[in-house]
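Below you'll find the structure, written out as structure tokens, and then a few comments.
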């Protein structure tokens, strides 16, 4: 019975999406909307298939920027969160700055990176880092701060060194929070890279999108959007997969 | 000789005199109960004995040495099991040995030797969240024991368990402690638990906390269980209840 319900739960969203797609295709055909205004889903899939090698090449550089930016953001967040957690002065000095930095629209500073660092990959990676850093750092810091102080007292009563406490208690207990930040960032990272590419690049899905859009090849824009979606979902799934390996114990719920 | 002597401890917390002139002691292999209403500063007293907190006045002597404000001599177990969800039971229990500098493998081997005695055999690889509250408290007890085997401070270790599990854990505790014979101070607000487990009971008052009554329990631990029908039990229970002003 349980199994049956589970399958039903999975089928419902798929059927719903299919209905929407059929409706979309039907309306486009019915109203004979031209392709350069709104192509139907079938046309988009056809375009994606025809341009697959080209889109794959663009997707490759986007993915590379994402991963590079993502990894840098993770390392950077770990260092900053560790320092903030251990040194109150550092936290007081830096925390407001980090929060304030989030009010700056990324789209307004991204062009500056192109002026400073050119049209290569670096400015895109920087945008990805900026987009990913905040959710990761804040969730990690939140996780570290939320550790039950009774754990810390227990370890203090056992004369544990600070490093031991950090490694054995704080870090593992902060991991679930860290991974929820990581999953949000994974989805954002592709968006960050695409924004970076919009403003000027030689390669990447963002470039492909702007070029297609300027020539009114709306089906290609949609094909690129589809590729971006798949890429984001794949990164999200990858993070969830890594989470299952790194913190297997988190699957057990409290009895 | 593992013994605890607490002399004239007082402590003000947040402007409130929490502990006022407390004198308690536990001789070698003594099982001493600290009984008092909730919020009366029992845990503060343990924080001071364990060295986590410094008293405003007074001293703590263990084995005749002044250890006021020094951690590391006694082990301290709380109501919450505080097992790390990230480690399995065996790894959790061997933490104190690892902290003392033993290599991980050796610490696990050494901890493993006690699993049967503490009723944990077969649960080594389980994660804390997979176990019941009673099993987790057993694991927490073993971890406490492995840090310091001769002096244990137990702060309401069974308070979060249901009545039946609690009773089982109490007789389990008696069995285990009859084998390892530690010196114990045991905080509780459950009168019957104190009478069931302890050799001697200090009854504390509400804030500012002072010792209201010190009473010896004339039953010896192994033959417990039926003492509730003993007329002496009723007399002692009444005296304790009166001191608690219930």
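Yeah, the Cβs are placed from backbone N, Cα and C, and that goes for glycine too.
For A:59-243, the entry in TrEMBL reads domain 'ABC transmembrane type-1'.
Annotation source TrEMBL lists transmembrane segment at A:12-28 (among others).
What TrEMBL records for A:62-83 (among others) is transmembrane segment.
Among residues of the same chain six or more beyond the transmembrane segment (A:95-119), those with a C-beta under 8 A of the stretch's C-beta atoms are 80, 84, 126-127, 130-131, 134, 137-138, 192, 195-196, 199-202. Sequence annotations record features per position, and here TrEMBL assigns transmembrane segment to A:95-119 (among others).
TrEMBL lists A:125-147 (among others) with the feature transmembrane segment.
Per TrEMBL, transmembrane segment is recorded for A:168-201 (among others).
The transmembrane segment annotation in TrEMBL covers A:221-242 (among others).
Residues 90-91, 94, 98, 121, 124-129, 131-133, 136-137, 140-141, 144, 166, 182, 185-186, 189-190, 192-194, 196-197, 204-206, 228, 231, 235 of the same chain, all 6+ positions outside the transmembrane segment (A:62-83), place their C-beta atoms under 8 angstroms from a C-beta of that stretch. Here the transmembrane segment (A:12-28) has long-range neighbours at 38-42, meaning same-chain residues at least 6 beyond its ends whose C-beta is under 8 angstroms from one of its own.
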